[in-house]
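A quick write-up on the structure given underneath.
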Amino acid sequence: MASYNIFLLLLVASGAFMILEAKGQLSLSPTHYSSSCPNVLSIVNKAVIEAINKETRIGASLLRLHFHDCFVNGCDASILLDDIPGSFVGEKTANPNNNSVRGFEVVDDIKAKLEKACPGVVSCADILALAALDSVVYLGGPSWEVSLGRKDSTTANLTAANTFIPPPTSNLSGLVANFSVQGLSFKDMVALSGSHTIGLARCTSFRAHIYNDSNIDSCFAKSLQQICPKVGNNDTLAPLDRQTPTFFDNKYFKNLVKGKGLLHSDQELFNRAAADSLVEKYATYQKEFFKDFAEGMVRMSRIKPLTGSEGEIRKNCRKVN
């Protein structure tokens, strides 16, 4: 009887969490700032395009910021908070983020422009969601509707960042688990992994794959070994999609089919397992990849948003008010 009561309690608690999460999602709206900051979309879009024109790689960095933010306690801009020695530890030094995530200065610039246009209105979490969209679209990818109205967190979680952001060493079951705990499907996981069609990765992220794995094209591995030796050159960069690293297309999946995924976690998606058929579909039909990627981004951007009286609108994205 006791175990049955515990089961009921867990079921009720789980249902209550789902209801609370759904309420947060429902309170988001594409028109959230239509009266309070009507130029928000154009301000963010212009700033993102300017940043990408200065450095094309920054588009991938902004997309990655949104991803790494949402996978840690929801899309709440916690990843933007700086450490405060002796009093506050943020998420920037987590293993998946340290010396890896970037684009913070671009977010600062966007926030400064929005604070000038409509002070205290637009959250940093919404900036990340919009900047990810604008980056993908400007680099040739699909568009989707971004619902707005997220609040910013007043806390961060280093442990959760180390736990829930998939590392480049992930196997397929690990990737499935990381996405599933966020309420994202197997298809979402494969489609959203296609974000690696843009951007670069450090030697430390792919070294083990090019020296130790057998499911990699040998010529591809040898070419990477020229720039990423077994020891040293840790910060040397290589494109995640060697053909078009600054253009959003489906070549990432075409490369996986050929055994040319840069990261171990990339090639796990095409390794004689359950994801193979989806990878082949996306490699053949870019339109299908774009559709599923856009739908996945909508779902990801709505993970546990802070709304209503929760959180705050940070004046400076790097620190709480």
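Just so it is clear, glycine is given a Cβ too, placed from its N, Cα and C backbone atoms.
Whatever TrEMBL says is automated annotation, not expert-curated.
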Among CYS203, CYS219, cysteine joined to CYS228 by disulfide in TrEMBL: CYS203
Of the candidates CYS219, CYS317, the one sharing a disulfide with CYS124 in TrEMBL: CYS317
Disulphide pairing with CYS70 per TrEMBL - partner from CYS37, CYS75: CYS75
Near-site residues: Ca(2+) 1, ref ASP69, VAL72, GLY74, ASP76, SER78, GLU91, CB cutoff 8 A to centroid: HIS68, CYS70, PHE71, ASN73, CYS75, ALA77, ILE79, SER153, ALA156, ASN157, ALA160, ALA161
Nearest of the binding-site residues (ASP69, ASP76, ASP249) to PRO166 (substrate binding site) - Cα to Cα: ASP69
Nearest of the recorded positions (ARG64, HIS68, ASP69, VAL72) to ASP241 (Ca(2+) 2 binding site), judged by Cα-Cα distance: ARG64
Distant-in-sequence Cβ neighbours of ASP76 (Ca(2+) 1 binding site), under 8 Å, six or more positions away: ASP69, ALA125, ARG150, LYS151, ASP152, SER153, LYS304, PRO305, LEU306, GLY311
Inter-residue Cα distance where the pair is SER78 (Ca(2+) 1 binding site) and CYS124 (disulfide bond), in Å: 9
Cβ-based neighbourhood (8 Å from the centroid) of the Ca(2+) 2 site, residues THR197, ASP241, THR244, ASP249 excluded: ILE198, GLN243, PRO245, PHE247, PHE248, ASN250, LYS251, TYR252
Distance [Cα-Cα, Å, rounded] between ARG64 (site 'Transition state stabilizer') and HIS196 (heme b binding site): 9
